[in-house]
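> Take a look at the following structure, please.
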Amino acid sequence: MAFTFTSAHLFLPVTENHSVHVNYSIPPGNWRLWSTAKGGSNKLDIRRLRCSARRTPEPLAQGSNGGRDGVEAIQRLQTIADDKIDGGANELGIVVWDLIRDGVDAVKSMFDSMGDGDISISAYDTAWVALVKDVNGSGGPQFPSSLQWIVDNQLPDGSWGDSEVFSAYDRLLKTLACVVALKSWNIRPDKCQKGLKFFRDNISKLEKENVEASAQMLSGFEVVFLSLIEVARRLDIQIPLHSPVFEDLIARRNLKFAKIPLDLMHNVPTSLLNSLEGMTGVELDWEKLLKLQSQDGSFITSPSSTAFALMQTNDTKCLGYLKFVVQKFNGGAPGQYPVEIFERIWVVDRLQRLGISRYFQLEIKECCLDYAFKHWTQYGSSWARNTPVYDLDDTCMAFRILRLHGYDVSAEAFRHFEKNGVFFCFGWETTQSVTVNFNLYRATQVAFPGENILKEAKQFSFNFLMKKQAAREFQDKWVILKDFPGELKYALEFPWYASLPRVETRFYVEQYGGDNDVWIGKTLYRMPYINNNVYLELAKLDFNNCQALHRKEWETMQKWFMESKLDEFGVSSKTLLESYFLAAASIFEPERSTERLAWAKTAFLMETIGSYFDDEMNSKDLRKAFVQEFKNIYERRMEAKGTKWNLIIILLTTLNHLTEVCGRDINSYLCHSWEKWMMMWEPEGDRYKGAAELLSNSINLSSGRLFSNDTLSHPNYEKLVTLSNKLCHQLGNSRRGNHNEDSDIKDTKIEIAMQELVQLVHQNSSDDISMDLKQTFFAVVRSFYYAAHCDRGTINSHIVKVLFESVV
């Protein structure tokens with residue numbers, strides 16, 4: 001039964017209630033399943049957690065009418081959000097915080113139980129394991145529990161597979177494999193017949209799927225399916241082979257074998273080691289192949305491939321691996337195991353994009369990042385430890401999250417996935433993946449200066465993705481996502497520099513499929529620690545909770561604006577709203593309210609002063625007089641009310657208020673930062689000179705971070721200030737239309753400078769300055785990049801979604 005409440009204010013201190021309907025489909029007790037259960041997939045049933053609310057994301061169109069629709073939408077939603085309803089806000093806030101706490105505990109229990117990867121069982125791999133004869137020669141099955149799993153898990157329609165998603169490739173492969181296993185041991189003929197009937201009734205769907213969804217053909221399907229048919233025919237299982245689809249599969253198989261010659265396969269680890277069971281009828285040199293075996297005894301973590309190898313060799317390491325898997329999964333076998341690196345790095349990515357990673361910083365570092373870095377190599381990353389085959393997808397994800405967290409990873413690893421200007425996931429692959437190129441494109445955006453391989457990869461992946469988007473070819477060979485077209489559209493329209501954290505989260509919460517997302521390997525499978533409704537519902541709660549606080553802060557900003565009579569200086573509340581939005585979309589956490597308001601008020605006052613003195617009537621002499629008056633008042637601690645400059649009174653009053661809220665005496669530091677900015681602004685009236693330093697100092701000081709002399713004189717700090725000021729100056733002028741060869745956002749000089757900033761912020765050293773301090777500068781620069789990148793209509797639409805549209 002769904003937990004339903006109506007409110008926009010979802011945080012504890014609220015005294016007023018605004019009407020926004022939110023439906024959360026996880027009762028509080030269900031999350032506690034995760035909080036108390038330990039030990040992996042056998043104890044944690046994530047599919048009990050369903051998301052009842054499904055909606056189609058709105059298009060991310062750039063504004064086409066100067067932003068008028070966006071302004072009207074902002075005004076309309078503000079009116080809705082300001083409608084008062086009676087009672088219950090505090091009690092509701094307590095309930096929401098309890099739900100958030102339960103969700104956080106649930107996710108933390110997942111981290112506690114992370115082992116070799118939580119993955120669904122594959123009926124196909126289980127069937128191959130069930131085919132293994134007793135190694136001691138009894139004539140019976142080596143793994144009777146695997147046979148029992150097959151008997152127990154046939155679906156009502158006679159097939160085996162995922163009951164919630166139908167793929168002809170997947171269902172037919174799994175069903176035929178299970179029928180072969182049962183038939184080979186002459187048990188349960190009733191289930192065999194029922195399975196065969198399903199197979200024959202649905203074989204025609206394979207041809208249709210081969211036309212409409214060929215991009216989602218299972219990995220190695222053309223190899224393993226044809227081989228399985230040969231095994232079935234030896235057991236006198238009659239398979240209709242009259243469909244043209246079989247001719248296409250044979251052609252695909254021949255192409256794959258041509259790309260990976262047998263000599264190569266015997267000497268170099270390739271993806272074909274994942275499908276050795278597809279080599280029936282092929283003469284294999286097992287002495288050579290066993291030298292390519294992984295340390296755990298598997299063939300690149302594939303139970304089915306390893307089971308086939310055991311049948312051919314009686315290798316004890318193969319046997320040991322399969323015993324481990326069968327015991328772990330109570331008779332079943334997944335399509336790959338272990339998958340612990342894959343799981344860990346994708347979990348971090350999902351939590352970050354959903355905007356909830358801050359709750360798990362310690363767990364992410366100790367459980368995921370340190371582990372992924374430990375297994376990072378010069379060849380990149382694989383999906384599991386000690387696996388001799390590396391892939392571009394896991395390399396991209398590991399590289400990106402490790403670099404963003406300050407780990408030293410080399411971009412040279414990407415050279416192992418490039419040939420003649422083309423980047424590939426696995427060597428000798430026959431088709432390319434759109435999601436792999438999507439992750440490659442995302443990885444290239446955290447490049448440091450001089451990393452030419454990432455420059456090449458970025459151009460390649462961007463061109464590939466643009467072509468796929470233009471052709472509307474979104475089907476992928478590795479995963480079925482709820483809204484990949486939406487994810488791709490956002491990534492192409494808003495590159496990382498121009499993607500504000502809360503904007504990305506607002507869209508991704510709608511794009512993320514929760515436990516409905518399905519992965520594609522040799523069969524379809526689920527990764528419940530990567531895709532689940534616990535993350536989704538926690539992200540919704542968290543977003544709406546933060547948004548409610550942001551709306552209350554926006555009310556205080558409006559009150560400050562009106563009481564200070566700032567409209568008399570030629571600025572509007574729309575400018576105020578944008579200033580607050582840029583701050584809230586960048587620094588969104590509830591506990592950082594002081595920093596957020598300091599950012600917003602500082603930015604708006606800079607804009608107010610700059611705009612006021614843009615007037616031709618206000619000359620350079622007046623700017624000079626204004627600055628001198630400000631210095632006289634704050635340096636001599638004079639009474640501000642005695643000045644004729646109302647703007648100075650407003651500014652100093654605001655700085656005093658920020659000091660009071662901070663709880664530390666930062667007034668002199670704030671005044672000094674403003675004086676420094678004014679001295680750069682005064683000569684030419686250029687408000688963007690020194691803007692990054694003033695904004696960053698205001699934020700950092702309001703957070704309670706005071707600067708020591710060692711910090712201020714540190715070479716990296718001086719470089720950080722200089723580079724950030726330069727970028728914000730160029731980007732600010734670019735937005736205002738003051739274009740020159742240095743201020744165009746597409747100019748390579750800005751791109752190189754952004755790469756330098758990324759390196760300065762994300763490359764750690766033992767004697768470096770505070771990461772929090774560096775991240776503040778980076779957030780400010782990104783906000784300038786975003787504002788220069790987006791047109792007015794786009795910004796208005798984002799303001800609506802981030803500040804006034806609750807997630808449902």
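Using the three backbone atoms N, Cα and C, a Cβ is placed for every residue, glycine included.
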> Of 187-190, 363-366, 391-394, which span is tagged motif 'DXDD motif' by Swiss-Prot?
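Comparing 187-190, 363-366, 391-394 with Swiss-Prot, motif 'DXDD motif' matches 391-394.
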> Using Cβ-Cβ distances, find the residues under 8 Å from LYS256 (substrate binding site) that belong to the same chain and are at least 6 apart in sequence, listing them in sequence order.
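Listed in sequence order, they are GLY220, GLU222, VAL223, LEU272, TRP428, THR430.
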> Cα-Cα, whole number of Å: ASP391 (Mg(2+) binding site) versus LYS477 (substrate binding site)?
14
> I need to check the long-range neighbours of the motif 'DXDD motif' (391-394): which residues 6 or more away from its ends have a CB within less than 8 Å of a CB in the stretch?
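Here the qualifying positions are 341-342, 345, 380-383, 414, 417, 423-426, 433, 435-436, 439-440, 478.
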> How many other Cβ atoms are found within 10 Å of the Cβ atom of ASP393 (Mg(2+) binding site), counting all protein chains shown?
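Result for ASP393 (Mg(2+) binding site): 26 other Cβ atoms within 10 Å.
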> Provide the number of Cβ atoms within 10 Å of the Cβ of ASP391 (Mg(2+) binding site), excluding the reference atom itself.
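For ASP391 (Mg(2+) binding site), the count of other Cβ atoms within 10 Å is 22.
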> Let me know how many other Cβ atoms fall within 10 Å of the Cβ of LYS477 (substrate binding site).
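LYS477 (substrate binding site) is surrounded by 20 other Cβ atoms within 10 Å.
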